Structure formats: structure tokens, C-alpha cells
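Visitor: Handing you this structure, nothing more for now.
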Amino acid sequence: MKANNTTTSALWLQITYITMEAAIGLCAVVGNMLVIWVVKLNRTLRTTTFYFIVSLALADIAVGVLVIPLAIAVSLEVQMHFYACLFMSCVLLVFTHASIMSLLAIAVDRYLRVKLTVRYRTVTTQRRIWLFLGLCWLVSFLVGLTPMFGWNRKVTLELSQNSSTLSCHFRSVVGLDYMVFFSFITWILIPLVVMCIIYLDIFYIIRNKLSQNLTGFRETRAFYGREFKTAKSLFLVLFLFALCWLPLSIINFVSYFNVKIPEIAMCLGILLSHANSMMNPIVYACKIKKFKETYFVILRACRLCQTSDSLDSNLEQTTE
């Protein structure tokens, strides 16, 4: 009887997990496609920072389209070849690191904007932006795919079983030493600390500029006022990323020391990490005025079935 109850509760946990993953994936895809559409339509948002925001949105769309379906497949523990399971698990990691690298790029860009106000446009050329974006994604793929090049559990599994197939589960193929020391500490925790320091310096610079006697320099005060609001909004995006990803990272860290973690805690940690991908569009809508205005224009246009010409004219009115 007790075994039946355990099986039933495990089944309900799996059904609930899959349902919530599907809902999160749908919201992440729709919300972040809307973010990209907003940047495409609103010319005033085509700045360096928003190129990096689009990069972050692409990573979040990939979470909805690729990561969540693969996470569901991995949770079902389907029987497959070791390297097929490992590749699926690595894909989950690639887009996590794409998000953190995009956030780092955004932080560096905002820092350059307030630190090198006059030289900013000459430093952040179009070519350098694309090079930096390419570097961010290259690092993400290299870090995420590292287990494919040998840092995995194949040798451990070969010692315990002769078959090359297994019930695919993330921890069956990816070692906790990689997850804790390389993926988390080196490529998530350290960048998070660096970004916090960058934002603290940004706020310090802006506060100093605003506290100076800038009588007669209204434009300068207005510039730093806008930068302060934007920095606060983007720091909130960073804070939410940390809030969503640290619980799962802490679970992995604790598990490394052979502490048994309840299955429900693991599921909640995974769901929270994936939920981060649907939060950013909401933050932009609430905190960035131009985003909010363009969202409303798009929603109004969709409701009234407007043509692209009328949509453009409405956008011109909002940007004036």
C-alpha cells in the first residue's frame, strides 16, 4: 500500500512538473519574441544595450524551444545512448551560460556609457559590438559543451555497467565536480560578483555626477537621471537571474557532498531556473517606459488588426 502511494505521488509530481515546464516555456517564447519585436519596431531602442538585450532574449527563447523540452525528456529517464543523453544535457547548459554572458555584456556596456560619456560612441563601434556578442556565444558553447570533450561520467558508468545505453538523467552523465567548480563557481558565481561590483560602481559614478553643482547643465543631469533609471531596471534583471539560479546551484553544491536532496526540491529548483526566462519581458514592460509604450502599440495594433504602416505611424507618435 505504501509503495502504491509513493508511486502515485511520484507520478503526480512528474505530471505537475511537466505541466509547469510547458507553461513556462510558452510564456518565455511569447514574451521574448515580443521583446525582439519591440526592439525591431522602435528605432529609439536600437542602441548597444538593446542589442545585448536581444541576445539575452534569444537565449531565453532557446530555453523555451529547446531547453525545456529536453529537460522534460531527461526527467522521463528515457533509455538512450550515453552520448545522446550527454549532448541533451549539455544543450541545457549552453543557454544558461548564454544568459549570464549577455548579462555581463549589458553590465559592461552600461559602465562604459557612464564612465566614458564623451568617447562612448567611438569605443562601442558596430564591429566591436558584434565581436563581443560573438565572443559571448562562443564562450557559452565552449563552457556548456565541455562535458562532451571528456569531463563526464562515462568512465564511472562503464565501471558499474557494461551497456552503452542508460536511463537518461542529467546527473547520470554530467559530473557534479563539473557543475559545481567549473559551471557554477567559475562561470556563474564569479561573473555575478563581477557584475554586482560593476553596477555598484555605475551607481556611485551617477550619484557623484548628480550631486555635483550642474546648474545650467540640464541635459547632463537629465542624461545621468535616465542612466540611473536604466541601470536600476537592468540590475533588477540581474538580481532576478541570481534569485532564480542560485537555489539550483546551491542544491548541486550540497549534493556534491553526498547530501540527499528531496525530489520535489530538485524539481522546484529546475522550475525556478527556467522561470527566469519569462521574467525579463515583464521587467522591461514595468520599468522601461519606451518598452511599455511599444508593447501597448503592438497589442493595440494586434487587437485592431492594423497594417504595418499604421503600426509604424503609431510608433512614431510614441517616440516623439
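Heads up, the Cβ atoms here are built off N, Cα and C, so glycines get one too.
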Visitor: C168 forms a disulfide with which residue in Swiss-Prot, given the options C85, C267, C286, C302?
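Guide: Its disulfide partner, as Swiss-Prot records it, is C85.
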Visitor: Does Swiss-Prot give A10 and N258 the same topological domain, putting them on the same side of the membrane?
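Guide: Swiss-Prot topology: A10, N258 on one side of the membrane.
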Visitor: Can you count helix, strand and coil residues in the topological domain 'Cytoplasmic' (40-50) using DSSP?
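Guide: Helix, strand, coil within the topological domain 'Cytoplasmic' (40-50): 8 helix, 0 strand, 3 coil.
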Visitor: Look up C168 (disulfide bond) in the DSSP assignment and reduce it to helix, strand or coil.
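Guide: It is coil.
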Visitor: Does the transmembrane segment (51-74) come close to the transmembrane segment (129-150), meaning at least 3 CB pairs under 8 Å for residues 6 or more apart?
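Guide: Taking Cβ pairs at least 6 residues apart, the transmembrane segment (51-74) and the transmembrane segment (129-150) are in contact, with 3 or more under 8 Å.
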Visitor: Provide the number of Cβ atoms within 10 Å of the Cβ of C85 (disulfide bond), excluding the reference atom itself.
Guide: 25
